[in-house]
Amino acid sequence: MYSFNTLRFYLWETIVFFSLAASKEADAARSAPKPMSPSDFLDKLMGRTSGYDARIRPNFKGPPVNVSCNIFINSFGSIAETTMDYRVNIFLRQQWNDPRLAYNEYPDDSLDLDPSMLDSIWKPDLFFANEKGAHFHEITTDNKLLRISRNGNVLYSIRITLTLACPMDLKNFPMDVQTCIMQLESFGYTMNDLIFEWQEQGAVQVADGLTLPQFILKEEKDLRYCTKHYNTGKFTCIEARFHLERQMGYYLIQMYIPSLLIVILSWISFWINMDAAPARVGLGITTVLTMTTQSSGSRASLPKVSYVKAIDIWMAVCLLFVFSALLEYAAVNFVSRQHKELLRFRRKRRHHKSPMLNLFQDDEGGEGRFNFSAYGMGPACLQAKDGISVKGANNNNTTNPAPAPSKSPEEMRKLFIQRAKKIDKISRIGFPMAFLIFNMFYWIIYKIVRREDVHNK
């Protein structure tokens with residue numbers, strides 16, 4: 001009986017002990033503060049009752065806000081020489097510190113917020129100084145990111161498509177290297193309030209496999225500062241320079257090789273018989289017109305600039321060679337027909353010669369004498385008073401030398417034809433050699449001497 005009572009006593013004490021412990025835990029749980037909901041936390045952090053004013057920059061009346069920028073290039077293309085601009089699609093990322101947004105009440109180290117919250121915080125007034133057109137992306141939702149860290153750091157990322165101005169120097173076109181810039185500038189805050197700077201690591205990133213149709217995007221990207229001075233103050237500005245080397249493949253196929261073949265085609269006339277005037281003239285005119293069309297086509301996609309481009313020199317020289325080939329046949333034809341003109345002139349002169357003109361004949365001494373032989377009167381018909389005939393009046397008995405016999409028409413024809421053929425033979429060698437020398441100078445000058453260095457840009 002005694003042992004039973006003792007056991008019941010210990011059991012009762014155990015029940016009372018656990019009951020008291022459970023009661024204390026329940027009281028502690030009821031007295032512990034409840035975790036704050038995300039909505040309550042955001043209202044406390046940047047709501048109306050938080051005292052946060054998005055119209056006032058961080059560190060107001062204090063040091064300027066340092067904004068670190070980074071861009072990621074999704075696509076790069078549509079480089080237009082006529083309008084001198086280029087199109088690019090990027091992620092623009094800005095990071096700065098806003099002490100008013102630092103927190104300890106929430107367990108997460110960072111908060112990814114809805115883009116609608118962007119209107120509730122202060123943001124830098126960044127714009128692109130050389131922008132000609134731009135738009136945001138809203139498919140399927142606003143392509144914007146807002147992230148706030150525990151220490152008050154803010155990350156703002158946005159996807160935009162830009163059309164930026166890119167002044168081009170086309171003197172070496174199509175063997176040129178162009179430098180296109182992207183300038184990021186503050187619109188309203190001077191450097192006393194806001195300073196832009198490039199991110200130390202990976203300030204400019206390019207998507208893997210990014211290729212351009214006519215250019216090679218150089219890996220060297222110059223990151224510079226371009227502080228702007230206006231009447232309203234000194235404004236922060238940073239810029240990125242993209243070096244683009246043009247690929248010649250398209251222009252070799254579409255311009256250089258066709259024009260080269262046209263020039264070579266014009267030389268075929270040197271092997272065509274000089275009497276085949278329709279064939280040689282037709283070939284010459286066709287090549288000239290084709291070369292003119294080719295030259296006009298090369299300028300169609302380029303702006304009207306005041307200086308001479310490399311492609312202009314090539315087209316002009318090719319047109320000159322083609323036109324010279326046509327003029328060469330004109331010279332050949334003229335020389336080959338000279339004997340006919342000379343014979344026609346001689347016949348015309350003999351036809352209009354009057355018998356009275358034979359009264360005077362010029363000997364080698366240039367003395368004029370009457371010639372009575374035209375009237376059937378010999379020298380003995382006229383006697384002077386002293387018995388000396390008139391013909392012997394100059395007191396010399398020497399006879400005039402016989403004139404050199406003139407060449408026959410057939411000999412003259414062969415002479416002029418040989419001269420014309422000689423012009424063709426010289427042209428067969430001279431034209432290709434001259435064009436080869438031009439090519440040597442042209443490619444050496446534009447590919448070696450005047451080759452552009454991106455580091456000197």
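Cβ coordinates are placed from backbone N, Cα and C, and glycine is handled just like the others.
Cross-referencing ASN66, ASN397 with Swiss-Prot, the residue annotated as N-linked glycosylation site turns out to be ASN66. Of the listed cysteines (CYS166, CYS226), only CYS166 is recorded by Swiss-Prot as the disulfide partner of CYS180. Per Swiss-Prot, the residue from CYS226, CYS318 that shares a disulphide bond with CYS237 is CYS226.
Per Swiss-Prot, ALA277 and ARG451 occupy opposite sides of the membrane [differing topological domain names]. According to Swiss-Prot, the feature transmembrane segment maps to residues 278-298, out of the candidate ranges 68-88, 89-109, 278-298, 362-382. Annotated Zn(2+) binding in Swiss-Prot involves GLU220, ASP222 plus, out of the candidates HIS137, HIS243, the residue HIS243.
Of ASN66, CYS166, CYS180, GLY233, CYS237, all annotated as recorded positions, the residue with the shortest Cα distance to ASP222 (Zn(2+) binding site) is CYS180.
For the topological domain 'Extracellular' (299-309), the DSSP-based tally of helix, strand and coil residues reads 2 helix, 0 strand, 9 coil. Summary of the strychnine site environment: with the site residues TYR230, ASN231, THR232, GLY233, LYS234, PHE235 set aside, the chain residues having Cβ atoms within 8 Å of the Cβ mean position are THR190, LYS228, HIS229. ASN66 (N-linked glycosylation site) is 18 Å away from GLY233 (strychnine binding site) when you measure Cα to Cα. Between the recorded positions ASN66, SER157, ASN231, THR232, the minimum number of other C-beta atoms within 10 Å of a residue's C-beta occurs at ASN231. In the three-state DSSP assignment, the secondary structure recorded for THR232 (strychnine binding site) is coil. Taking H, G and I as helix, E and B as strand and the rest as coil, DSSP gives the topological domain 'Cytoplasmic' (273-277) the counts 1 helix, 0 strand, 4 coil.
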